[in-house]
Amino acid sequence: MFDFSSIELSHFLLATAILLALAHLLGYFAERLMIPRVIGEVAAGILLGPTLLGYFYPSAFSWLFSGFPQEDRMFGLMFQIGLTLLMFCSGLKFHTKFKKGDGKITTVLVLASTILPFALGWIATNLFNFQQFIGPANSEFAIKIVIAISIAVTSIPVISKIFNDLGIMHSRFAKLVIAIAGVHDTLLWVALGIATSVAGHSGSVTSGAVFKSIGITAGFIMVTLFSLSFLFKNLTIRNGNFLFRASHVGYFLFIMFVVSSIAGYLNIDTIFGALLAGIGAKWALPPTLFKRLEQSVLQISFSWFIPVYFAVVGLKLDLAKHFEPLFFLQYLLFATLAQSIIVFLACKIIHQDRLTSMNFAMAMNARGGPGIVLSTVAFSAGIINQDFFAILVMLALITSWLAGSWLRFVLNKGWRLMPGDEDLVPEKINNDSDIIVLQQQIKYEKLEGK
């Protein structure tokens, strides 16, 4: 029990090392080419998965990722842990404070970018044969929710990374987009929680089952946030909290896993619990403690588990057999235009200029990580089949690339992002410079030792 042979363990570690290294390498090269890192990480899985390696060298693919009976399940476990940590990190990025002058913009764009695209996505299910994409759960109601979310969702992790790469994270525009996306995506995760809950019911979906799922989800949100707020504010830093004293990060990860587990037992997807744990920490922790938690969790998550998660997403894709390019192009065009036009018009209604409106429209169109999370959760829950899973993943990747390219174009032209950013000076973070400094320090230490 709990044991593996040395050969099995060595094989799994080798496969993990190859997947992790390629994810980091392609993510790095993607960034050097001004492409969001997540695209490179998913590309690693596509290269090593059934799309390429499995298509041209199926025996090599089977040996690497199915070398012993439980290897695929071990990668599945790493995939789920990476997904859980990604949602926890997304919760840590949740913004709860807005400047007085930004309240109107935030409120209008949250409502416009959530309600209208969601409604348009729901209506769109009547315009094409979505039954061809229904998964084993056989729930039309659940897949309609997923389609509606896919039109409305925005990526906090990817758009944050784009802002960091461009050196504009300190701008008014970036702070507003991240704040809007945080509230916006939280509302959509509630809808996804309802979809997975409904899909988990056997038999036909009744109005009673839907309202029961909504009630359980809403109750879980309120009880969890209230409990976490009390816990973090009143019990966390007490002398008697020996778990916190033993390991700060271990304590918060324990809470994350417990809340995620409770969500799963309530037939709400476990990632929703992780998201709420992150939001609760953001709300209730003192700033100093929160910064320590955020730095520690982000470091371990984005160095190991999250890159592996995105790479395994690529492994799950089989673009050679389960992808419809023509339908994807139509879906991409519809999703991009729907979100962009709605956000653009909403900005114009509150008297933003044309360039500012366009910048918000493109930024809010990046689906990135949450778009991929949506696809993987819906696929795992049996709501969608593998064909639509591939479409949603590719939609997330392409829209993220479009958003980053547009914002880079605006900055290269010397145009402002929005009023208040006229004198913006990009503060780029170049990891290569850190390597150069480290090399110089090591060289100096060697000279000192002689």
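Each Cβ is built from the backbone N, Cα and C atoms, and glycine gets one as well.
Curation plays no part in TrEMBL annotations; they are all automatic predictions.
What TrEMBL annotates here:
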DOMAIN    21-413  domain 'Cation/H+ exchanger transmembrane'
TRANSMEM  12-30  transmembrane segment
TRANSMEM  42-65  transmembrane segment
TRANSMEM  77-96  transmembrane segment
TRANSMEM  141-164  transmembrane segment
TRANSMEM  176-198  transmembrane segment
TRANSMEM  210-230  transmembrane segment
TRANSMEM  242-259  transmembrane segment
TRANSMEM  265-285  transmembrane segment
TRANSMEM  297-315  transmembrane segment
TRANSMEM  327-347  transmembrane segment
TRANSMEM  368-384  transmembrane segment
TRANSMEM  390-411  transmembrane segment
Exercise for the section: Counting only CB pairs under 8 A, let me know which of 12-30, 265-285, 297-315, 390-411 has the most with the transmembrane segment (210-230). Expected result: 265-285
Practice task
Please figure out which one of 12-30, 77-96, 368-384 racks up the most CB pairs under 8 Å against the transmembrane segment (42-65).
Solution key: 12-30
Fill in the blank from the handout: For the transmembrane segment (368-384), the candidate among 12-30, 141-164, 297-315, 327-347, 390-411 having the most Cβ pairs under 8 Å is 141-164
Practice task
Using a Cβ cut-off of under 8 Å, list the residues of the same chain at least 6 residues beyond the transmembrane segment (297-315) that approach it.
Solution key: 16, 19-20, 22-24, 27, 38, 41-51, 65, 75-76, 78-79, 81-83, 85-86, 88-89, 92, 249, 252-253, 369, 372, 375-376, 393
Problem - Positions on the same chain near the transmembrane segment (141-164), where near means CB under 8 A and six or more residues out - result: 36-38, 86, 89-90, 93, 113-114, 117-122, 124-125, 130, 133-135, 171, 174, 177-178, 180-182, 184-185, 188, 191-192, 194-196, 198-199, 205, 210, 334-335, 338-339, 363-371, 374-375, 378, 381, 383-384, 392, 395-396, 400, 403-404, 407, 429
Fill in the blank from the handout: Note: vs the transmembrane segment (77-96), the recorded stretch with the largest number of Cβ pairs under 8 Å from 176-198, 242-259, 265-285, 327-347, 390-411 is 265-285
Practice task
Run the contact check on the transmembrane segment (176-198) against the transmembrane segment (390-411): 3 or more C-beta pairs under 8 Å, excluding pairs closer than 6 in sequence.
Solution key: no
Handout entry: Range from 12-30, 242-259, 265-285, 390-411 with most C-beta pairs under 8 A to the transmembrane segment (327-347)
Key = 390-411
Problem - Long-range environment of the transmembrane segment (265-285) - Cβ separation under 8 angstroms, sequence gap at least 6 - result: 80, 83-85, 87-94, 96, 186, 189-190, 192-193, 196-197, 200, 213, 216-217, 220-221, 224-225, 228-229, 231-233, 236, 252, 255-256, 259, 293, 373, 377, 381
